[in-house]
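Notes follow the structure.
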Amino acid sequence: MEGWSSTAARREFIFMKKEFIKGKKLKNRSSYLSSDDDMVDITTTGTTAEGTLPKDLQFSTQDSEDIPGIGQYEDFHTIDWQRDIARDRMRHRYIVKKKKNSFLDTVKGAHDAWSGWLCVFLVGVVTGTVAGIIDIGSSWMSDLKFGICPDAFWLNMEQCCWSSNETTFGGVKGNCSQWRMWSEIFGSSRVGLWAYIVSYLSFIIFALSFAALAAGLVRVFAPYACGSGVPEIKTILGGFIIRGYLGKWTLIIKSIGIMLAVSAGLTLGKEGPMVHIASCIGNILTYLFPKYGKNEAKKREILSAAAAAGVSVAFGAPIGGVLFSLEEVSYYFPLKTLWRSFFCALIAAFVLRSINPFGNEHSVLYFVEYNKPWNFFELIPFIGLGVIGGCIATIFIKANVYWCRRRKATKLGQYPVTEVLVITAVTAVLSFPNPYSRMSMSQLIYLLFSQCGPSSSDGLCDYVYVSDNTSFETATSAEAGPGVYRAILLLLLTLVLKLVTVIFTFGIKIPCGLFIPSLCLGSIAGRIVGIGMQQLAFRYPHLWIFNGECDNSDDCITPGLYAMVGAAAVLGGITRMTVSLVVIMFELTGGVRYIVPLMAAAMASKWVGDALGKQGIYDAHIGLNGYPFLDSKEEFSHTGLAADVMQPKRGATLNVLTQDSMTVSEVESLMKRTDHNGFPVVVSQESQYLVGYVLKRDLMLAIANFRRNHEYFDEHAIVIFTSTSPQQSINAPPFLKLKKILDMAPITITDQTPMETVIDMFRKLGLRQTLVTHNGRLLGIITKKDVLRYVRQLGNEDPSSVLFT
């Protein structure tokens with residue numbers, strides 16, 4: 001009965017207030033109880049109700065939707081998923097009811113229904129366009145370190161050589177007459193000591209120039225544009241607010257900076273930042289649709305689709321992008337978000353394919369295809385590659401986290417631009433002498449993925465070919481020549497160099513991704529193992545391990561396949577991806593038949609990584625930065641109760657508001673001397689019976705709005721959160737009614753609730769806080785920060801490392 005009467009009273013109040021403002025006479029109060037078309041309060045969860053019309057209506061608060069800022073969140077705070085989802089449901093019910101009134105309302109209802117699809121369509125189109133621009137720009141600037149095309153300076157080396165038959169993709173840079181090396185421009189020859197010195201110096205100078213420009217742009221215009229952005233996107237999708245992280249300046253500087261950073265030759269990639277860039281695009285476009293722009297929980301549905309589009313354009317893998325968003329970054333992923341993510345990734349991939357930035361009819365530079373089947377005995381080396389990948393991943397994660405923590409704790413973090421320049425200089429100086437470390441990592445991955453043939457000119461394909469009496473020579477019965485062993489030595493040096501440099505590079509203050517370096521490290525290790533297996537099969541084809549499958553002249557080992565499996569192993573070990581990784585890899589290569597080898601390597605890598613370290617690189621950086629992310633995949637053994645974690649502890653004073661006995665000055669004094677994000681509202685200080693919960697931000701905005709709109713404002717006015725007004729003297733100041741900002745249905749638990757249940761509630765309901773009661777009386781409060789600190793304490797970690805709420 002109480003719930004029904006309060007709802008009816010709320011209906012009556014809203015209608016009566018509107019009629020009162022219009023100056024109409026209220027004749028039939030019961031008639032207002034028959035309709036709730038205008039009964040919409042999008043800022044309050046639960047069954048919040050408004051009381052009967054007060055006599056001093058002009059001194060009550062305005063409708064909460066009329067108060068600017070109500071329902072929004074402050075920077076570095078967690079959203080309330082339940083409140084925002086309830087707001088959207090009430091908004092939707094209101095639109096459905098209004099559809100019956102007029103044709104215009106029907107159109108508005110239809111627009112509301114398809115606005116989500118339109119939004120993700122626009123996100124896909126813009127993401128694909130921006131990705132095409134980034135791919136073209138980074139390819140051109142990367143080749144600028146080696147030379148220029150005099151006839152058309154805007155063309156990269158491959159495009160400049162299209163008119164010539166001299167070019168070989170993945171071969172020596174500048175191997176056609178149309179492309180001019182810097183040694184030719186400043187000298188007269190491509191070879192010789194002077195040519196080598198000029199090329200070396202130009203390589204270093206361009207690398208430092210690109211890196212300095214990227215670091216300067218990030219430092220001056222958009223500090224949030226540094227890093228890969230995936231840990232922060234994962235935290236934001238988990239319900240955390242970081243103002244400006246997905247803004248327009250971050251989008252612009254991240255797009256320009258990633259082109260410059262990749263062109264500088266640093267050990268980083270643009271695939272991770274593409275997720276950040278796509279999320280920026282999604283965030284900006286949501287403001288065209290208030291349904292998503294003004295609701296943080298709904299906005300994260302668009303951001304999940306945008307993250308899928310980012311991976312789709314990064315790897316040309318729309319299905320893998322959707323699975324990446326589902327498996328790796330998204331926290332709230334309903335079925336309709338799955339459909340829209342798929343649609344968004346599809347549109348983004350289609351737009352990028354239409355732009356064709358690489359001129360190879362594919363969305364990535366290193367697309368390859370294999371036609372030969374794999375053999376059952378190869379599962380052993382594939383699993384071995386998974387073990388190797390897990391070990392490499394563990395070394396990288398531990399070393400990188402240690403270095404990032406040291407950077408934060410020392411003065412090194414005060415000189416970000418200097419750090420970028422030093423790492424760039426060291427990388428450039430050490431990379432140029434080695435042809436494999438000199439070329440871009442995308443080209444190196446393509447080279448390692450590719451199969452050898454008679455036309456291949458790289459040392460990796462220096463085999464002693466044996467004719468098989470056909471019209472061409474093949475590498476099927478080939479013995480490795482000296483070029484292969486020299487290439488293996490150079491690849492080992494490249495592996496060590498890339499592993500060391502990526503440890504210091506990931507986390508510096510420029511845009512930097514981790515996908516491409518991971519794939520590069522794994523493909524090097526895989527290609528070396530593949531060559532070893534190939535030579536073993538060539539020399540000892542009758543070994544029992546080969547089971548007679550390598551007895552004939554056909555080649556039973558494909559080293560490029562091992563490179564692909566090794567790449568998946570290292571990337572899976574570093575990021576702890578499994579399903580999405582396998583799908584991305586076979587979309588990259590078109591090798592659906594190699595799903596089993598990829599699955600075996602990915603699982604082995606994950607098992608080894610989990611055995612040697614609990615977290616992937618993104619989760620490690622989330623913990624390093626103190627972000628309030630509650631991982632739904634993590635498992636704990638809890639023995640505590642809610643009473644052990646709640647704040648304050650038993651016997652301490654709990655800061656609360658009373659429903660009808662505190663003045664405005666007392667409320668403002670309580671807000672000033674505490675740093676809480678909200679306050680429970682109780683019947684009285686003596687009874688401590690719970691009435692509801694009010695956010696500090698909403699309370700401050702409501703009081704400020706009331707003070708701004710009323711000339712005669714008394715600090716001694718009583719703040720009430722009830723439907724009825726208490727008795728007061730004639731000369732007393734009017735009441736300040738704030739019930740419309742009160743959540744009358746906050747999530748509550750008892751003090752004997754197990755922490756296992758509490759943590760599950762925070763994970764599955766996306767709670768911001770829960771109130772602890774005993775026999776109906778308020779005892780304390782548990783916030784998400786308290787839960788995270790409790791979890792850290794269970795893991796023998798420092799609870800104070802949780803920095804935000």
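FYI, residue positions are counted from 1 along the chain as it appears here.
Any Cβ shown, glycine's included, is placed from N, Cα and C.
Bear in mind that TrEMBL entries carry predicted annotations, made automatically and left uncurated.
Matching 249-268, 349-368, 689-708 against TrEMBL, the residues noted as transmembrane segment span 249-268. The feature transmembrane segment, as given by TrEMBL for the ranges 328-348, 412-432, sits at 412-432. Within its own chain, the transmembrane segment (193-215) has Cβ neighbours under 8 Å at 141, 144-146, 181-184, 186-187, 256-257, 260-261, 263-266, 416-417, 420-421, 424-425, 427-429, 432, 438, 509-511, counting only residues six or more beyond its boundaries. Residues 255, 258-259, 270, 274, 277-278, 281-282, 285-286, 288-289, 291-292, 301-302, 305-306, 309-310, 312-314, 336, 340-341, 343-352, 354-355, 357-358 of the same chain sit 6 or more residues outside the transmembrane segment (114-136) yet have a Cβ under 8 Å from a Cβ within it. Mapped onto DSSP helix, strand and coil, the domain 'CBS' (646-715) counts 24 helix, 17 strand, 29 coil. Per-stretch counts of Cβ pairs under 8 Å to the transmembrane segment (302-326) identify 274-290 as the leading one among 274-290, 376-397, 412-432, 485-507, 561-586. Beyond its flanks by at least six residues, the transmembrane segment (376-397) meets 499, 502-503, 518, 521-522, 525-526, 529, 533, 545-547, 549, 557, 562, 565-566, 568-574, 596-597, 600-609, 611-613, 615-617, 620 of its own chain at Cβ-Cβ distances under 8 Å. Counting Cβ pairs under 8 Å to the transmembrane segment (514-533), the top-ranked stretch among 249-268, 412-432, 485-507, 561-586 is 561-586. Only residues 6 or more beyond the boundaries of the transmembrane segment (561-586), in the same chain, are considered here, and those with a CB under 8 A from a CB of the stretch are 311, 315, 317, 319-321, 323-324, 326-328, 368, 370, 372, 374, 381-382, 385-386, 388-394, 396-397, 445, 448-449, 514-515, 518-527, 529-530, 533, 592, 594-595, 597-599, 601-606, 608-610, 615-619. In the domain 'CBS' (742-800), helix, strand and coil residues by DSSP number 24 helix, 18 strand, 17 coil.
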